[in-house]
Structures are given as C-alpha cells and as structure tokens.
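J.: This structure is in structure tokens; I'll ask about it shortly.
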Amino acid sequence: MVMRTIVAVFFLLHFRFGVEGCSLSYDFYEISCPQVEDIVKDGLQAMFLTDPTSPAALLRLMFHDCQVQGCDASILVDPGEGSVPTEMASAKNFGIRKRELISILKSMVEAQCPQQVSCADILILAAREAVALTGGPRIQVPLGRRDSSQTLSYELADTVLPPATAGVADMLNIFAEKGMTLAESVAILGAHTLGITHCSNIQNRLYSSNNGELRAMEPGFASFLRLTCRRGPLTSNLSFVLNDPTTFVFDNEYYVNAMGGRGVLKIDAEMALDPQTAHVMQRFSINQDDFFQEFSSAFVKLSCSGVVTGKQGVIRKNCNAIN
C-alpha cells in the first residue's frame, strides 16, 4: 500500500511538471466556469450512446489538431469566402469526423459561461472523455489554452501529420519532440485501440510486391485483411477494418493483437518487432494498468503541445470561424 501511494504521488508530480512547461493550470476555470468539465462530460454521455463511434473520432480529432502547430483548435476552422483551404483540406485529414460535436459542446458551455472557455480546451476535454467513457483512465488535464487567431493552410498539415507508412523511428522522433519517453510514445499509439482503419491506409501493406509485411502477419489475419480490403482505389476509401476486436472499448487489446501478428497499420506491426519497442508492447499487452498510466502521462504532454495562452490567442465564440 505504501509503494502504491509513492507511485501515485510521483505520477501526480510528473503531471505537474508538464503543466509548468506549458503555462496551463488544473484550476484555470475554478472561478470563471467551475462546471465546464461536467458540462462536457454530461453532454458527451448522451452523444456517445447515440453514436458509439464518436469517441474514436474525437480522440483522432484532438491528435490531428495538436500535431499541427499545437492544440489550438485550428482544425475546427472552416474556410471563409475567397480564402485558401484550411487544414481540413489536407489529404492526411481524410476521415476526420465529429467536429460538429465540439460546436455543440461549445454552445452548451457558452450558455452557462459566456466567452470564458476556449474551443481548444473543450476539444481536449472531449478527447479526455472519449477515453474515460469507453473504459480508459480518467485523465486530469490542465486547462487555459486559447484558440488560434489565424487560419492554417492545409499545406502545413500535409507536411507535419505523419503518413500511414511512418515507421518506428519516425514516430518515436515525433513524440520525443513533445517530451515523451519511449514508454509514453508507445502508449500514445495505443489510442488505436478505438475506431477503424480505412483500407486506403493499408493497401501497400497488403499488395506491394517488394515487402515482407504479409509474411510477418498471422496468416488468418492477413487473409481477412485482403478479403476485406480489396485491391484498387474505388473500394479503398469506402471500406475499413476494425482496429481491434473491442473497437468501442479503450483497453490494451491493441497490444495483444499486435504481439500476436495482428497489427493493422504498419506502425502497429513494426513496434511489436522492433528491439526498441517490442518489450514495451509486450509489457502493455499483459499489464493494462501500466498502459493506462503511461498513456495518461503521454496524453497530458500531447495536450500541452504548442499551446497559446493569454493574449497570444483568442476565445472563439464560434469554433468554426476566426473571430
């Protein structure tokens, strides 16, 4: 019991150090909107019951927002008249959904706390609830982000967002730049435990003649993927496979499947074989608590990535438009 207490205290302190680094606070809305977390949670519970695919969509929405110039809700901005396409026009944002849920939550928050809470914070809270309400850990996230005051080009998203063909070294470098340890980098990719993968993202894995990826897959799984994801461009954008058998539950099945030769994406399969990451993948596949702890820490670090605060940003009244 004493050891568990020590670990818990260390874990909390680890979070606090991350907060100091990105100028956010766990009690930022204590006076201006103390009920904001409950508003988001209560609103999403009903939405998730209506559409159980929403949690995966919101988690991916947060990841794609934070990867491009930081967690500033820029991914929510629609193009204005005569303006250049926004980052949503990036091919790497194909399949991004449920942006409208953030606008709905924003309206609910505005009704009780006018012009107090940023869209960026609501997006982070929504992603946090996507994890918690599907069986994952309830992560304490620091708040106080501001929204971006300018529209980002889709070209930046094209450049910064990793492709489906990214390997282990590429992904580890991306997350190391955000201050993540090796274990945290492997854990953050465990977000793949929710949702689906479009067949267009695994065509090369399944049908390229000059790679040995099929041979590394569990034979029955390889046959299943090829049956589901037929060769060719017409079906690849319409068809998909589940990321793991418990696709609506946030658990460690992603690691169990990857270690069994049933990783869907290239990175999923390679991390199970790479000497740098295989032992972490194995640990998470047998110890869900370890995965949850490392994921929670990684989630906080990602949510602190490139944030704007104070006068550096704005609080948008409409999440889809620059004030």
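Glycine is treated like the rest: Cβ placed from N, Cα and C.
Residues annotated as substrate binding site in TrEMBL: Pro162. Annotation comment: TrEMBL describes His192 as heme b binding site. According to TrEMBL, the Ca(2+) 2 binding site annotation covers Thr193, Thr246, Asp251. According to TrEMBL, the disulfide bond annotation covers Cys33-Cys113, Cys66-Cys71, Cys119-Cys319, Cys199-Cys229. According to TrEMBL, the domain 'Plant heme peroxidase family profile' annotation covers 23-323. According to TrEMBL, the site 'Transition state stabilizer' annotation covers Arg60.
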J.: Could you state the whole-number distance in Å separating the C-alpha atoms of His192 (heme b binding site) and Cys319 (disulfide bond)?
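T.: His192 (heme b binding site) and Cys319 (disulfide bond) have their Cα atoms 26 Å apart.
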J.: Mean pLDDT, the domain 'Plant heme peroxidase family profile' (23-323)?
T.: 91
J.: Which whole-number value in Å describes the distance between the Cα atoms of Cys319 (disulfide bond) and Thr193 (Ca(2+) 2 binding site)?
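T.: Checking the Cα atoms of Cys319 (disulfide bond) and Thr193 (Ca(2+) 2 binding site) gives a distance of 28 Å.
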J.: Quick one: of Cys66, Cys71, Cys113, Cys199, which of the disulfide-bonded residues has the smallest count of other CB atoms within 10 A?
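T.: Candidates: the disulfide-bonded residues Cys66, Cys71, Cys113, Cys199. Fewest Cβ atoms within 10 Å: Cys113.
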J.: Give me the long-range Cβ neighbours of Asp251 (Ca(2+) 2 binding site): same chain, 6+ apart, Cβ under 8 Å, in sequence order.
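T.: Looking at Cβ-Cβ distances below 8 Å from Asp251 (Ca(2+) 2 binding site), excluding near sequence neighbours, one finds Gly135, Gly136, Thr193, Gln288.
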J.: Within its own chain, what residues at least 6 apart in sequence put their Cβ under 8 Å from the Cβ of Arg60 (site 'Transition state stabilizer'), listed in sequence order?
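T.: Those within reach of Arg60 (site 'Transition state stabilizer'), by Cβ under 8 Å and sequence separation of 6 or more, are Gly95, Ile96, Ala191, Gly195.
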J.: Where Thr246 (Ca(2+) 2 binding site) and Cys113 (disulfide bond) are concerned, what is their Cα separation in Å, rounded?
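T.: Pair distance, Cα basis, whole Å: 37 Å.
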J.: What are the non-local neighbours of Cys33 (disulfide bond), defined as same-chain residues 6+ apart in sequence with CB under 8 A from its CB?
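T.: The list for Cys33 (disulfide bond) reads Val109, Gln112, Cys113, Gln116, Val117, given in order along the sequence.
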J.: Determine which residues of the same chain, besides Thr193, Thr246, Asp251, have their CB within 8 A of the center of the CB atoms at the recorded Ca(2+) 2 site, and list them by sequence.
T.: Gly135, Leu194, Asp244, Thr247, Val249, Phe250, Asn252, Glu253, Tyr254
J.: Taking only the recorded positions Cys119, Pro162, Cys199, Cys229, which one has a CA atom nearest to the CA atom of Cys71 (disulfide bond)?
T.: Cys119
J.: Give me the CA-CA distance between Cys229 (disulfide bond) and the residue listed as 'substrate binding site', in Å, as a whole number.
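T.: For Cys229 (disulfide bond) versus the residue listed as 'substrate binding site', the Cα atoms are 22 Å apart.
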J.: Are there any residues at least 6 positions away along the chain from Cys119 (disulfide bond) with a Cβ closer than 8 Å to its Cβ? List them or say none.
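T.: In sequence order, the residues whose Cβ lies under 8 Å from that of Cys119 (disulfide bond) (at least 6 apart) are Ala73, Leu76, Ile102, Lys106, Asp147, Ile315, Arg316, Cys319.
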